[in-house]
Amino acid sequence: MAPEVGPKPLLRGWTHLVSFPVWLIVGVSMLLLTDTSPVGRALLSVYVGGTAIMFGVSAMYHRGRWQPRAKALMQKFDRSAIFLAIAGGYTPMAWVSLHGTIRVVVVAGAWVGAALGIALHWVPRVPRAWRGASYIIVSWTAVLVFPQMRHAVGATGFWLILIGGACYSVGALALATKWPNPWPKVFGFHEVFHALTVVAAALQFIAISSIFAPLM
């Protein structure tokens with residue numbers, strides 16, 4: 001992504017700074033209260049950890065004051081952490097709602113896609129469009145198994161997953177195109193992206209909670 005010019009909007013980073021401790025509370029509560037198998041708990045840990053890393057690294061990067069070299073490094077970590085949250089969310093959803101080879105393929109595909117997306121942000125001179133598209137592609141890893149997932153998680157869970165993926169995609173487009181940019185000095189296009197990742201994370205949390213509820 002191209003660097004922004006000028007001062008940061010007033011609310012830059014605050015959305016994720018507030019979301020980080022809230023996420024730790026609800027995420028750890030999920031791990032402690034869900035009565036599931038060791039495998040299920042491990043899957044949930046991957047999910048909770050991936051989203052915690054996304055919020056935590058983003059808050060550090062956007063609220064901190066960094067020297068140019070450190071800032072460039074932190075930006076790479078920040079963009080990479082988003083893939084951990086997306087793939088981490090797919091892990092428990094696909095593993096519980098799908099069966100057999102297909103669930104292995106979906107989970108592996110999500111993590112391979114995440115690894116490739118992360119690589120695009122660390123390799124120099126990669127076209128900006130490729131980096132933006134990588135978020136959208138990984139967000140929709142499970143599109144080919146939507147019928148199976150809908151049957152497994154029910155209509156409500158399916159729509160939560162669908163809308164959450166759409167939020168990630170719209171956020172990625174806002175970041176790539178720098179639009180909409182409602183209040184540039186206070187809440188700009190980057191804040192729109194952050195807000196949509198929070199909405200996506202919340203919807204994902206509700207969907208995953210509903211998937212694991214029958215196992216409690």
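Cβ atoms are placed via backbone N, Cα and C, with glycine included.
Because TrEMBL annotations are produced automatically, they should be read as predictions rather than curated entries.
What TrEMBL says about this protein:
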- 13-33: transmembrane segment (TRANSMEM)
- 42-61: transmembrane segment (TRANSMEM)
- 81-98: transmembrane segment (TRANSMEM)
- 105-123: transmembrane segment (TRANSMEM)
- 129-146: transmembrane segment (TRANSMEM)
- 158-180: transmembrane segment (TRANSMEM)
- 192-215: transmembrane segment (TRANSMEM)
Intrachain neighbours beyond the transmembrane segment (158-180), with Cβ under 8 angstroms and 6 or more residues off its ends: 1, 86, 89, 93, 128-129, 131-132, 135-136, 139-140, 142, 146, 149-150, 189-190, 192-197, 199-201, 203-204, 206-207, 210
Outside the transmembrane segment (192-215), six or more residues from its ends: residues with CB under 8 Å to it: 13, 15-16, 19, 23, 26, 30, 34-37, 40, 44, 47, 51, 54-55, 58, 82, 85, 89, 92-93, 96-97, 152-154, 156-157, 160-161, 163-165, 167-168, 170-172, 174-175, 180-182
